[in-house]
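As recorded in Swiss-Prot, the features of this protein are as follows:
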type	residues	note
BINDING	Arg30, Asp84, Leu85, Gly86, Gly87, Thr88, Asn89, Lys425, Arg426	ATP 1 binding site
BINDING	Asp84, Leu85, Gly86, Gly87, Thr88, Asp209, Asp413, Gly414, Ser415, Ser449	D-glucose 6-phosphate 1 binding site
BINDING	Ser155, Phe156, Thr172, Lys173, Asn208, Asp209, Asn235, Glu260, Gln291, Leu292, Phe293, Glu294	D-glucose 1 binding site
BINDING	532-537, Thr680, 747-748, 784-788, 863-867	ATP 2 binding site
BINDING	Asp532, Leu533, Gly534, Gly535, Thr536, Asp657, Thr680, Asp861, Gly862, Thr863, Ser897	D-glucose 6-phosphate 2 binding site
BINDING	Ser603, Phe604, Thr620, Lys621, Asn656, Asp657, Ser682, Asn683, Glu708, Gln739, Arg740, Phe741, Glu742	D-glucose 2 binding site
DOMAIN	16-458	domain 'Hexokinase 1'
DOMAIN	464-906	domain 'Hexokinase 2'
REGION	1-16	region 'Mitochondrial-binding peptide (MBP)'
Amino acid sequence: MIASHLLAYFFTELNHDQVQKVDQYLYHMRLSDETLLEISKRFRKEMEKGLAATTHPTASVKMLPTFVRSTPDGTEHGEFLALDLGGTNFRVLRVRVTDNGLQKVEMENQIYAIPEDIMQGSGTQLFDHIAGCLANFMDKLQIKDKKLPLGFTFSFPCIQTKLDESFLVSWTKGFKSRGVEGRDVVTLIRKAIQRRGDFDIDIVAMVNDTVATMMTCGYDDQNCEIGLIVGMGSNACYMEEMRYIDTVEGDEGRMCINMEWGAFGDDGTLDDIRTEFDQEIDMGSLNPGQQLFEKMISGMYMGELVRLILVKMAKEELLFRGKLSPELLTTGRFETKDVSEIEGEKDGIQKAREVLVRLGMDPTQEDCVATHRICQIVSTRSASLCAATLAAVLQRIKENKGEERLRSTIGVDGSVYKKHPHFAKRLQKTVRRLVPNCDIRFLCSEDGSGKGAAMVTAVAYRLAYQHRARLKTLEPLKLSREQLLEVKRRMKVEMERGLSKETHASAPVKMLPTYVCATPDGTEKGDFLALDLGGTNFRVLLVRVRNGKRRGVEMHNKIYSIPQDIMHGTGDELFDHIVQCIADFLEYMGMKGVSLPLGFTFSFPCQQNRLDESILLKWTKGFKASGCEGEDVVTLLKEAIHRREEFDLDVVAVVNDTVGTMMTCGYEDPHCEVGLIVGTGSNACYMEEMRNVELVEGEEGRMCVNTEWGAFGDNGCLDDFCTEFDVAVDELSLNPGKQRFEKMMSGMYLGEIVRNILIDFTKRGLLFRGRISERLKTRGIFETKFLSQIESDCLALQQVRAILQHLGLESTCDDSIIVKEVCTVVAQRAAQLCGAGMAAVVDKIRENRGLDTLKVTVGVDGTLYKLHPHFAKVMRETVKDLAPKCDVSFLESEDGSGKGAALITAVACRIREAGQR
């Protein structure tokens, strides 16, 4: 008993000593985490070189665009063919993908041989043979009458220029078909099919096996965005942001990059990591100096590395008593499967003995222990190197997405990963150690090269179908120049109807006289109060206007809220509250009891009979104070002042915010004769000739007309421009059938139009994987500010996704592109419609004055104009295009509703004083 324990102890110690000896000898092959992180850092740099246009030509890691722009989302369906050519045999497959709530993939395939004479013959012979095999397969399945989409896995070095265009760089794997290198493989296969003439197919996609692996796994797990192969060769691909791929035009979305990482180190980057054994393998290979990383990690070289180490150690008399057999001295005799078997057996030492005996050796126990340990070190290094480069890829994706913690899946294929007993586990553990801030799942690919090609095709088909469907839906929102000219013409007609006494009553564009008959001339001076009431908050302002050398405007203001019970109470309560706030402001400014001229910006629909008389037609914006509609708001304000008996005010002018905007800008620019607001709502005003304002007596001079153009189209004159989405937004609004033009182009409604389009797309499976969230059903979630943010040029798609997530909408990268596209189309139409309306206004001014050309400035205010990244530019371009005889400048207003009311009051006081003199 004691003897057997002693013997076991002796062997354990012996083994331990031998392992230590090998570990010491192969010290440089055992890589610390510190070294692996350094390799990872170097690989990141190489990736960046491959992506950048300037360094791509000399980069060793080529980072080739694959033109695969999306991974599966699980809604793919249809029948597809796949060709898989990567060796002496090739396969034809029929892949049926169903999506009836249960994702299912059915495959039938047949393997065909490629005879040596065809591999070495002409390209025509090779592709005729492939087309013949394809015909045979389709015959058997009786599908020759169908024109099916086909994906082609072509595992040879290619330069891809489109998804369905791929130029062969050079043959490998024993192929030498003449006249193929440098040519597009897809064209060659198409021509071969045409020569036959007995069937037709639609070649949609050319992919390599790594991409196919990612796509296969992507169908089962939508987080899969990396493909990895570790077999006879090694490579990886991943989904990169388009904005970083300099070699392809476009910044939107993502594209799969075929890294060709086997060439990492070809420029000397890994020279300090490579050992003498790596150098020896390279020198004896078919392609010295190339694919150096692959030679350190892939199955083609793993067994050979072990053999070279054994030979060197034997020559140094560290193994086999210094003796070597001819078999062990023969390249390729120690295979990678031997490495797997030695490491896989419970008694790996015994397996090592069997392999060594097969190779004509007579090993001792120590030799077998050493061989087992060498296999472990070589395969562990392979897994570690693989993990280092994968860590770089994961870190890059994480940074691209701007996420604190990345959740991602890696689709993996290849004999080393699948068949080596410990490779997968070692790789996974090392990756998780190197990138602890990533949650990584490894998914084994089942038939990546066949099913994957079909999946790329299925995704391309889905994207193409969805793109066509979306284009068709968005088409009515894209207005041609002719359509915009027609909108301009109709606006002019409606303006004439609003000005005419005869048609005014039935005209939707009311063209209301404002009794503002002059713009500022710069001589205005004095202190004025201004009230600005247009929502749940209102402002009281003191505006000091100076002329002469100190010309300018100085403002002080205070904001007060209007509680809901007052908004919904009586008119007396509302105006008493307003007067209370004025009293508070005067006390705050140290002006208690002072009587000043007052301008009142009152942004509700009114009929104005004088500058200081304005009849409220109806409350909007949530106000419901009783006893106000049909009453003069100036009288209501004066009565409230008298009730308080604390101060008196001279109410000189009631104005709306559009006129205030024109006057504010008119103070800065004497050419300003038009006011425009494009914010939550939209309206315009302009200086009209008095002779055309039939509702007011007098022919001389000009008067500002408040167009109230938001109601353009309320008589049905825009029905042919209204889409189903405009109709839906109108029907669910607080005022159906009213303000139709405003509902097509103002900030309050653009988000709702977008939301309705997104719901339509989702219902039809074109967006959000066909899943409508409760959040998307919620009216009003798409505020104008989100549209502005989403369309911002400096915003990456990840940030668009973040905005959508904030709105409770889980989206993919593709979804983000679509949402951005919808926002762009809706906002562009809004800007163009606004431009068409403005073109009608400035052209009318020009024609009124009988001018060939008009120079005019438009004062503009409103969040949509000021904050949206493209609205202003598109609108200005539209005006320029539709009113070419007008030289129109746009001046942004600063506080039109407050400062503007004071300036109207100042102008009125100036004119009144001049009249008194």
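A Cβ is built for glycine as well, from the same backbone N, Cα and C atoms used for every other residue.
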(message) On a simple 10 Å Cβ count over all chains shown, which one of the binding-site residues Thr88, Asn89, Asn235, Ser603, Thr680 is most densely packed?
(response) Asn235
(request) Count the other Cβ atoms sitting within 10 Å of the Cβ of Thr784 (ATP 2 binding site), across every protein chain shown. (result) 23
(message) Taking only the residues in the domain 'Hexokinase 2' (464-906), give me the average pLDDT of this model.
(response) 90
(request) Pick out which of the binding-site residues Gly534, Gly535, Gly862 has the most other Cβ atoms within 10 Å of its own Cβ. (result) Gly862
(request) Report, in whole Å, the straight Cα-to-Cα distance of Ser415 (D-glucose 6-phosphate 1 binding site) from Thr172 (D-glucose 1 binding site). (result) 19
(message) Going by Cα-Cα distance, which of the binding-site residues (Gly86, Ser155, Gln291, Ser603, Thr620) sits nearest to Leu864 (ATP 2 binding site)?
(response) Ser603
(request) Compare the C-alpha of Gly535 (ATP 2 binding site) with the C-alpha of each of the binding-site residues Asp84, Asn89, Phe293, Arg426, Ser603, and give the closest one. (result) Ser603
(request) Might you list, by sequence position, any residue in that chain lying six or more from Asn208 (D-glucose 1 binding site) with a Cβ less than 8 Å away from its Cβ? (result) Thr66, Thr153, Phe154, Ser155, Cys158, Asn235, Cys237, Asn258
(message) Just to confirm: which same-chain residues, 6+ apart in sequence, have a Cβ under 8 Å from the Cβ of Gln291 (D-glucose 1 binding site)?
(response) Gly233, Gly262, Ala263, Asp266
(request) Give me the Cα-Cα distance between Ser415 (D-glucose 6-phosphate 1 binding site) and Thr620 (D-glucose 2 binding site), rounded to a whole Å. (result) 71
(request) Round to a whole number and give the Cα-to-Cα distance in Å for the pair Asp532 (ATP 2 binding site) and Ser897 (D-glucose 6-phosphate 2 binding site). (result) 6
(message) When you rank Gly86, Gly534, Leu787, Leu867 by Cα distance to Glu708 (D-glucose 2 binding site), which of the binding-site residues ends up on top as the closest?
(response) Gly534
